[in-house]
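Q: Quick one: the structure is below, questions incoming.
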Amino acid sequence: MASQQKIRVGLIGLNAPYTDIPTGTNWAAHAHLPYLRQSSKYELVALQNSSTERALQAIRAYDLDPDRVKAYGTPEDLANDPNVDLVVCSVRADRHGGALIPSIKAGKDVYVEWPMEANHAKSRELTDLVRARGVRNVVGIQLGYTPLLTKIKTLIARGAIGRLESSTFLQTTEYSGSAVPSHLTYQLDRKVGSNPVTVTFPHALEIITEVLGMVSSHQSLLVNQYPEVDVVDPATREVVEKARPNDVPNQVVFDAVLESGVVLTYKLQNAATISPGAKTANDHARLPFLEWRIFGSKGEIRIQRFKTWSINAGTVNDEWEANIWRSEDGDWLEVKADPDEFQHLPIPARNIGRLYEAFAAGLDAQKGKEVWYPDFEHALKTHELLDDMYRKNGF
């Protein structure tokens, strides 16, 4: 593909705010659309939602040009549009296959949000299909592009803390395990494939392995302490349903030895909150929701986040606090990322933008994929890991 030709995008899942009731996370609106609107490399040419009318509603709601952006109500109709080069899927995980398979069979390139599908078996089917059809593919695992991580990788490569030895990563969610907001109840059903085990943990693992190396061996512990969960209204925080069944673990412990020799301990846990969205005691005591420590033979790097536990939306540099301590000088020094070229975009769109840029650069390469980006083969390894963790923990 010539570098001056824009990649024409068909976007699945850009929902208009049909009611005042939240539904899902609307990731397409928060992360994809802001980048696509201003991109010199991509052009949004089609939307596909659950009906043509809903696609038209989204075109109107987001002030898109109806003469330039077509509306479709089925994956097959989108797949048959010859003016679409890349189909981007941003819907619930268990609907990814149905949304993308027609476009893959039509020979279109595809971008799928993480998780690829509801489970390892279905993700493998998608991976086998894109391989057989020879279409380029990318997965929304974008945290490795965070500028602060690039800076930390550089420090480590320069030997700033000596030989890498170990690392701990602690995430404390803002939500109690006993309640869930009504628009996220699908996370209580493990068959859907979108929950803290399959989303929060893998995104954290992606940045860990990006900086420290891939997993060589591992052990895990998954525990469901809340087989029944109350559903609350996200606006009023009132309980609207008592004791909904939940089969998803709320506690994750992951111990591993990485290929670099680093010994890793990861923990995902719940905060004690009154209801989802409430501030925790940690916020008042200035204890971090997220703390990542990297230990070397000559020092330590400590990365903390105090405003939120979430890391899969990209970050403003000052929302992370990173410091380095070296035995040779004995002082904690602040680590700052280089200026962000996507500072003008909303936070969720920044790493997504960097991922789009990497994919476009890969398409421009004359000899194939010379610029790395996470593809289906890469993501399938994480699905294999999750499948192994579930199986060994009796889920």
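Placed from the backbone N, Cα and C atoms, the Cβ positions cover glycine too.
According to TrEMBL, the protein carries these features:
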- 24-140: domain 'Gfo/Idh/MocA-like oxidoreductase N-terminal' (DOMAIN)
- 147-304: domain 'Gal80p-like C-terminal' (DOMAIN)
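For each listed feature, how buried is it and what is near it?
A: Summarised by DSSP class, the composition of the domain 'Gfo/Idh/MocA-like oxidoreductase N-terminal' (24-140) is 54 helix, 23 strand, 40 coil.
This prediction places the mean pLDDT of the domain 'Gal80p-like C-terminal' (147-304) at 90.
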